[in-house]
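Working notes, beginning with the structure itself.
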Amino acid sequence: MDGVNDTAEIVKDFLIESLEGLDQVDQDLMDLEREGPDAERIGRIFRCVHTLKGTCGFLGFSVLESVTHVGENLLVELRDGTTAVTPEVVDALLALVDAIRLMLNLIEQTGTDGEPTFQALIARLTALTREHADAHGAAAAAAASMPTSETAEGTHPPIGELMVARGDVTASDVSAALHEQEQSDALLGEILVQRGYTSPAAVREALDVQENNVDIKSSAIADSSIRVDVALLDKLMNLVGELVLARNQLLQSDGRFDAAAHTGTTQRLNLITTELQEGVMKTRMQPIGNVWNKFPRVVRDLAQACGKQVVLEMAGAETELDKTIIEAIKDPLTHIVRNAVDHGVETPIERVRHGKSPEGRLIIRAFHEGGKVNIEIRDDGRGIDPEAIKAKAISMGAVRADAAAQMSDREALHLIFHAGLSTAKTVTNVSGRGVGMDVVRTNIERIGGSLEVSSVVGNGTTLRIKIPLTLAIIPGLIVTTGGSRFVIPQVNLLELVRLEGADAVARIERVYDAPVLRLRGRLLPLITLTEALGVDRHCGKSTDDVTNIVVVQAEGTAFGVIVDAINDTEEIVVKPLSVQLKGIAAFAGATIMGDGRVALILDVHGLAQSRGLLARGDRQAESRVDQRAQEAHSQQLLLVAVDDTHIVAFPLDAIARLEEIRSSQIEWTGSQEVVQYRKRILPVVRLDEMLEGIIPSLGRAESMPLIVYEDSTRSIGFAVQRILDVVAVEMDTVGASGTGMVARTAVIQGRVTDVLDVQSLLATLDGRLPASLDTVHHDEAAHA
Amino acid sequence: MPETTQFCTFRVDDLFLGIDVQRVQEVIRSLEITSVPLAPSSVEGLINLRGQIVTAIDLRRRLGLTSRLSEHEPMHVVVRGDDGAVSLMVDSIEDVIEVDPRDFERVPESIEPSVRDLLAGVYKLDTGLLLALQTDRAVAVTTATI
């Protein structure tokens, strides 16, 4: 038995190693094609194929060995310079790589390298090899002209071989069908169906696989393992060591309880846990390049098939993401890239006619920003014509004509994500994008991401994707309703609205029987969570004169959820619901709270759907588009009064939370005012003292609002006199640019307002704040 | 001599029920339960079992019996399933007993069909009848079958 297991283990290693090596070969081959012969690259390709041949010979995969053998022969000649690197040679070698991948996947699934013998490919490779071409010229030429046209294209695995590999038909069926194909013009799939060898559905499926090339059935083995930096593992090991020490301390203190020592240990435990959590998350982080390394090939093949020239540039391949997210964005990204080449970039002739270089450019960029990963896919193609999209949307009944007339170009562009539009083939021809973009958007949003598109007709299209780093631990807002706690994921959160007394009665109105809220001039549909969940409103204590509304969005539709109380934001660990509860659309999962009790995580999307908020057709689609466009164009600002006369604006995205503190809470460390806040020491900076030309007046106030800023290294509370409002201001239309801590000055709501530059504000503070507060070790500082 | 099977036995209302001991992960006293709105009625809620979130099913409601008196504290029989652990809430726990397959009999046809579906059979013991629970069916509560 051991022997069998050993062999299985060796085969597994062989598969993982080979698949990794093939990715590199793909890349090298394309570099060769673009930049001409390079001894080092050829050497690398040769070594990989050679190793592969040796190992599979040893393991007894004879078909694989025979195919790699002819490939190796060709590569030897390339290495020695006796055969030149021509496009045909590269094509053939890429076809070889595909064939090897196909067989490796076969080996993984079935344990053997299968029935397809790849005769056509072998003949093709042999024909290109000079020595053999001389000797067997005639035979090779005959073989190369064999009717397996799919192989000759070199870009996709032949449909026959694919179907054999998938177990749909046998190899003999295929060869019979191929024989018949020689006599007729029929497609191989058609013949197979006519002869009753297989079903139309199976052919369609195989064609899908072929279309998407090999990456759709990428190896499960390669996906099941992960490479981790040894230094990271060492660090984790050290942390676990510390954890054990902390545990020992806790165990020893058992019985004779010493409050001070206990608190110290708990603090250490807290630190260790946080670092351990971060460390373990890091082990799951993979560079996004793992997905991207397939793109050069996809772009090359597709560009060739469409008769286009496309240069692919990629930046930020080292940007890291959780493995599950990498998996989840693989297909949407591939789809977008294919779309860009297929529909975005024009043919060389068309490009030259428009005064562009014949080569189209496709730029993919990834970078971290604000705790999220941004991916940008930009082409310099023909762009999307908003008028064409509008016309299509109207003709399909997705949007009313009068509504379309009022749409901005930006709003119109976002119609490409509309489900109805995407299925129409004609849109593809008119606009360039559309097929399956709604699916792309759904997939991206499912992992908590968002999608933005911008385009200039004639100049190209840019898609921007924002996705979270991880899914396992997410920030969420804890709310209470009907006596139970629920978590609303922060990604769905737009804002919180609190209405008191008469205000609530006045602002919540009804359209027929649906409650709506007037929020900054727009009507926001409302859901009462107790009603939506069918629980009794009055089993929890709720003060009747306050209405708490959590404004959330799903698929771009904003709506308000009325809850009894809003508690706090917390990092929660997402756990799936058991099969008994899977069918409830309103919940995305569950989590365990600090007190050990279970709380349910709301699925905002499901909630909206169950209340019929997403199914209302065009009106929703419009407002969704509208809102997105608005977000992209404008900046959200928090207006605050610093003293009686000065109003300044804080960029909303720089603010973590708003709090209210009392003067009596303020303590001192050295000359710095601080408050204890969420078990940390939060330095308090009085904004009036920081800004020039303002006479400090906050000192006398009994309580004051605190704007909490947080980043990875520090948190600071800015004390102000009053918080006035949140406004959205057009980015590029406001005011004169300012100096120093003021980014610019603008007239907002009829008053002259300084918009603060948070970065320079922080830079000014860097020297002022005590160093110990600038680090994450707030907890330790508290007990120093 | 046929092999005997061990059953973990418990009481629900006046029924004497048992589950193959191999399927039982553990038996615990009542825990704090978070109820799940919109869930099937027999799902009592979710419990935190040492960091694992487990669905608790009230066997009384699953078997169509009257509700448990509030002062009576239920017990959780946590059973292993293909989709993770599920807790079955029962009135009280009895012994683990050995049963002889020769005492096995199929569920009488006269029993209410909804309940009969959940039972694998009946063992005739000296002390009375032991109803063997069809565990997979008992935990197979979905939102569609409310």
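Cβ from N, Cα, C; glycine included.
Features reported for this protein in TrEMBL:
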type	residues	note
DOMAIN	A:3-107	domain 'HPt'
DOMAIN	A:266-471	domain 'Histidine kinase'
DOMAIN	A:473-613	domain 'CheW-like'
DOMAIN	A:634-767	domain 'CheW-like'
MOD_RES	A:His50	phosphohistidine
Any same-chain residues 6+ apart from A:His50 (phosphohistidine) with CB under 8 Å of its CB? Would you list them in sequence order, or say none?
A:Glu72, A:Leu75
Looking only at DSSP and grouping its letters into three states, which state does the residue listed as 'phosphohistidine' belong to?
helix
Could you tell me the mean pLDDT over the domain 'CheW-like' (A:634-767), as a whole number?
78
Within the domain 'HPt' (A:3-107), residues counted as helix, strand or coil by DSSP:
94 helix, 0 strand, 11 coil
Write out how many residues of the domain 'CheW-like' (A:473-613) are helix, how many strand and how many coil, based on DSSP.
28 helix, 77 strand, 36 coil
